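Peer 1: Pulled these from TrEMBL:
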- 27-48: transmembrane segment (TRANSMEM)
- 60-77: transmembrane segment (TRANSMEM)
- 97-118: transmembrane segment (TRANSMEM)
- 130-161: transmembrane segment (TRANSMEM)
- 181-200: transmembrane segment (TRANSMEM)
């Protein structure tokens, strides 16, 4: 077996050890299709028909649905063989850091591939920046909390942005289109921090170890 083939088999085995399967990838893409569909037929979708192209934020339902792909990404960062990692002679950090970077790139593919399905009135940068904030929050919380608590915490933060009058509009980085650059910066910092934390110390959700996403 060539070194390239051996490296490929190792990479595939590592991915499977983190719950990645073909069905799971399809489920991830399917979750993004659901987000795109919700953006077209959500509660506020009627207002999109009179909005100028690229001037509208995501619908509330679509934003909350982003929690589904965020949860899938989080599960891909949770090793299913903790005993093996605990007993190996080498530090697991280098492999975890590389894997975190790979998963981070994969996390960007879903919204990029399905963004053409969004309603034309929705600002694409606000859409992508919002995903960065949602994913980043979930990753940072997931590095220190068990999986269910990380999801609840992320939902709670989104509820603050979503509920009228709880947050001043000039500070609403999820729905205020004028803040898309600020939102993108915050999202990038959160995602980078979350991936780094996971790479260095692993996920905080020990209860997730025996669970797999669809596969």
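Using N, Cα and C of the backbone, Cβ positions are placed for all residues, glycine too.
Just so you know, TrEMBL annotations never went through curation; they're auto-generated.
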Peer 1: Which sequence positions outside the transmembrane segment (97-118), separated from its termini by at least 6 residues, show Cβ-Cβ distances below 8 Å to it?
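Peer 2: The answer is 14, 18, 28-29, 31-33, 35-37, 39-40, 69, 73, 76-77, 124, 127-128, 131, 135, 191, 195-196, 198-200.
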Peer 1: Who are the long-range neighbours of the transmembrane segment (130-161) in its own chain, taking Cβ under 8 Å and residues 6 or more past its ends?
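Peer 2: Sequence-distant neighbours of the transmembrane segment (130-161): 57-58, 63-64, 66-67, 69-71, 73-75, 77-78, 107, 111, 167, 172-175, 183-184, 186-195, 197-198, 201-208, 211.
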Peer 1: Quickly jot the same-chain residues contacting the transmembrane segment (60-77) by Cβ under 8 Å, restricted to those at least six beyond its ends, or write none.
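Peer 2: Tertiary neighbours of the transmembrane segment (60-77) are 18-20, 24, 27-28, 31-32, 34-36, 38-39, 42-44, 99-100, 103, 106-107, 110, 130-131, 134-135, 138-139, 142, 147, 150-151, 154-155, 158, 162, 174-175, 198, 203, 205, 208, 211-213.
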Peer 1: Who are the chain neighbours of the transmembrane segment (181-200) in space, where the CB to CB distance is under 8 Å and they lie at least 6 residues beyond its ends?
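Peer 2: For the transmembrane segment (181-200), the list is 77, 93, 96-101, 103-104, 107, 125-126, 128-133, 135-140, 142-144, 173-174.
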